[in-house]
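Q: Could you have a look at this structure, given as C-alpha cells, before my questions?
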Amino acid sequence: MACCGGGRGEGAAATESEAYLEGEAVREARELVAELCRHFYGQGWVTGTVGSITVKANDPALPLADQLIVMSPSGVQKERMVAEDMYVLSADGKVLSSPVSKPWPNKPPKCTDCAPLFMKAYLMRGAGAVIHSHGMETCIATMLDHGAKEFRMTHMEMIKGIKGHGYRDELVVPIIENTPYEYELTDSLAEAIAAYPKATAVLVRNHGIYVWGDSWINAKTQAECYHYLFDAAIKLYQLGIDWTTPEHGPINSAKRPRSVLSSSIPNGCPDSKSSKHCVVLDIEGTTTPISFVTDVMFPYARDNVRKHLTSTYSSDETKEDIKLLRIQVEEDLKNGIVGSVPIPPDDADKEEVINALVANVESMIKADRKITSLKQLQGHIWRTGFESKELQGVVFDDVPEALKHWHASGMKVYIYSSGSREAQRLLFGNTAYGDLRQYLCGFFDTTTGNKRETRSYFEISQSLGVDSPAQILFITDVFQEAVAAKSAGFEVIISIRPGNAPLPENHGFRTIKSFSEI
C-alpha cells in the first residue's frame, strides 16, 4: 500500500526495521503531531477536519532524508486527535503503519490527501516538517491582489521569523491556483518550489498555505509568522495602507503626473485603461553602466569564489548554493556545455568539491550565463563585498532623481534583472546616493523567467496586479528583451547608455539617453 507512490531504495529497509517503527522516535513524533493538531485547531488553522501536519521521526543515527515520516489522517476531528490516529510512512512515501478503524460515526481511516504535496517538500527541500493550514488569513491574502502570482511584503518585523529574511527584505510567497482535489495541486506546488528556491511556503488561492522547515519548531515558527503577516496585510488593506512598499503609504492615493507614465482624460481623472501604474527597470545598461558589472562585479565574484566557498562551506546557505550548482552542472554535462566539469559527491574531499565548483563557476562567469544557480552564488559573494565596503553600487546620475520623482508621484517602481534579487538589493542599497531601495517596490530575477521570453513579462504583469499589461512601462537596453516585453503588452523604452550594444536599424522603439527624458 502506497500513500503517494515512489520507488524504494536499498537503504529503506534499515529505516523500516521493527525497532525503529515501534521505537521512541516514532512514538514521540506521533504524540507531537496529535498535540500540534489540537493546538492549530485552537488557532483556526485546521477546523472542520481540514488541514494537516507531518513531521520526520527524528533519529540522530539516521540522515534526515532516511528518517520515517508521521502524517495526520484525513477526515478526523483535529481537536480530538491522538497518537494512535497517525500514519507512519517510509522516507519515499510508502505506508508502513495505519491506524485501526474506530466505531461509527467515525469514518474509516485514510492517509491525508496532502501526502503527495508533503512528499514534494520533503524530497525537494529536505524538510523536517510540513504544515498545511486553512487559516482564514491565508485565503484572504491571496484575494487582496486579484490575479497576482505572488504575495509580497516588506519592512515588517515578523518577516525576520522567515528563514533567510530580515526586516528590510522583501518577502515573496508564490501563489498557485486551487483545484477541486488536493492531489491535483501536486505538480503546481512542485513547480513553485523549484521556481522559488528561497521560499519556505506556497499559498493556494482561496484555499490555504503549505509551510515547511528544517524541524517542527522551525516550521511552526514560520507558520505563525506567515499567518501574522497575512493578517497584518489584510488589516493594512482595510486601512488603505500599502503593505508592499517600505514606507507603507496610502494605496494608489497619490496624484499621477502628466507624462509618458500617465495619460489623462478631459475631466482630469486618469484613464484606467491607458495610465501607467508601474515602471519596471533593467539594471545593466539602464540604471547602471555595463562596465560596472563587467569590470567590477563579475571580477569580484570570480576572484573571491574560492575564498567564499571555503569559509562558508558548511553553512546551510552555501549547501543550498552547491545543490543548485550540482543540478545545473549535471544538465550542462548532458548538453555538452563547454567548460563544465563533474562535481564530486558531498562526501568527497572538501578541496576536490571546491576545485570543481570553482572551475564551473569561472566558466559560467566567462560565458556571462544568466542562470539562477550562478546568480544566487554571485549575490552571496557580493554581499560580503558590500558589507566590507569593498564594493559600492553604481547608478547613472539621473537615476536617483527619477526614482524620487516617480516615488513622490505614487508610481510603483520594480527591478527586473538577471542578477539575483539579493544582488539587486545590495546594489541599490549601497550607492553613493545612499540607500535607493526606499523608492523601489520589488525585485524580479530569473526565477520569474528568462528575460528574452514573453512569458516572463506576462508573469510580472500578473504579479503586479494591473488591469492591463499596457499599464506597465519597461525600460531596458536589450532589443530582444524589448521585443519580448512588447509582445506581452508592455509599453517599452530602450535605454541608450555609453557601452551599450548597438540596436538594429528600424527597431521601432522609443529611445532615451537619460531618465530625465521620460
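Backbone N, Cα and C define each Cβ position, glycine as well.
What Swiss-Prot shows for this protein is this:
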- 1-242: region 'Methylthioribulose-1-phosphate dehydratase' (REGION)
- C114: substrate 1 binding site (BINDING)
- H132, H134, H207: Zn(2+) binding site (BINDING)
- E157: active site, proton donor/acceptor (ACT_SITE)
- 279-518: region 'Enolase-phosphatase E1' (REGION)
- D282, E284, D477: Mg(2+) binding site (BINDING)
- S417, S418, K451: substrate 2 binding site (BINDING)
Q: Looking only at Cβ atoms, how many others are within 10 Å of the one on D477 (Mg(2+) binding site)?
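A: Total other Cβ atoms inside 10 Å, all chains included: 22.
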Q: Which site among H132, H134, H207, K451 has the most other CB atoms no more than 10 Å from its CB, taking these as binding-site residues?
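A: Most Cβ neighbours within 10 Å: H132.
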Q: Through the lens of DSSP with three states only, how would you label D477 (Mg(2+) binding site)?
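A: Going by the DSSP assignment, D477 (Mg(2+) binding site) belongs to neither helix nor strand, so it counts as coil.
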Q: Of all the recorded positions given, E157, D282, E284, which has the fewest Cβ neighbours within 10 Å once its own Cβ is left out?
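A: Across E157, D282, E284, these recorded positions, the one with fewest Cβ atoms within 10 Å is E157.
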Q: If you count Cβ atoms within 10 Å of the Cβ of S417 (substrate 2 binding site), leaving out that atom itself, what do you get?
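A: Neighbour count, Cβ to Cβ under the 10 Å cut-off: 25.
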Q: In the same chain, which residues outside the set S417, S418, K451 have their CB within 8 A of the centroid of the CB atoms that define the substrate 2 site?
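A: Close Cβ neighbours, site residues excluded: D282, I283, E284, K370, Y416, G419, D445, T446, E481.
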Q: Enter the number of other CB atoms within 10 angstroms of the CB of S418 (substrate 2 binding site).
A: 23
Q: Across the region 'Enolase-phosphatase E1' (279-518), what does the pLDDT come to on average, as a whole number?
A: 93
Q: Enumerate same-chain residues with a sequence separation of six or more from C114 (substrate 1 binding site) and a Cβ-Cβ distance below 8 A; give 'none' if the list is empty.
A: S52, T54, M71, H132, E182, Y210
Q: At the Cα level, what's the spacing in Å between K451 (substrate 2 binding site) and D282 (Mg(2+) binding site), rounded?
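A: Each residue's Cα considered, K451 (substrate 2 binding site) and D282 (Mg(2+) binding site) end up 10 Å apart.
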Q: Can you see whether DSSP assigns E284 (Mg(2+) binding site) to helix, strand or coil?
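A: Reduced to three states, the DSSP call for E284 (Mg(2+) binding site) is strand.
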Q: Would you list the other residues of this chain near Mg(2+) - those whose C-beta lies within 8 angstroms of the C-beta centroid of D282, E284, D477 - in sequence order?
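A: Apart from the listed residues, the neighbours are I283, G285, T286, T287, T288, I290, S417, T476, V478, E481, S495, N500.
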Q: For D282 (Mg(2+) binding site), identify the closest of the recorded positions E157, H207, S417, judging by Cα separation.
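A: Comparing Cα positions, the closest of these recorded positions turns out to be S417.
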Q: Nearest to H134 (Zn(2+) binding site) by Cα, among E157, E284, S418, D477 (recorded positions)?
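A: So, of the listed recorded positions, the one sitting closest to H134 (Zn(2+) binding site) is E157.
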Q: Considering only the binding-site residues H207, E284, D477, which residue has the minimal Cα-Cα separation from S418 (substrate 2 binding site)?
A: E284
Q: Other than H132, H134, H207, which residues of the same chain sit close to Zn(2+)? List them in sequence order, counting a residue when its Cβ is within 8 Å of the Cβ centroid of the site.
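A: So the additional residues around the site are V50, G51, S133, G135, T138, V204, G208, I209, Y210.
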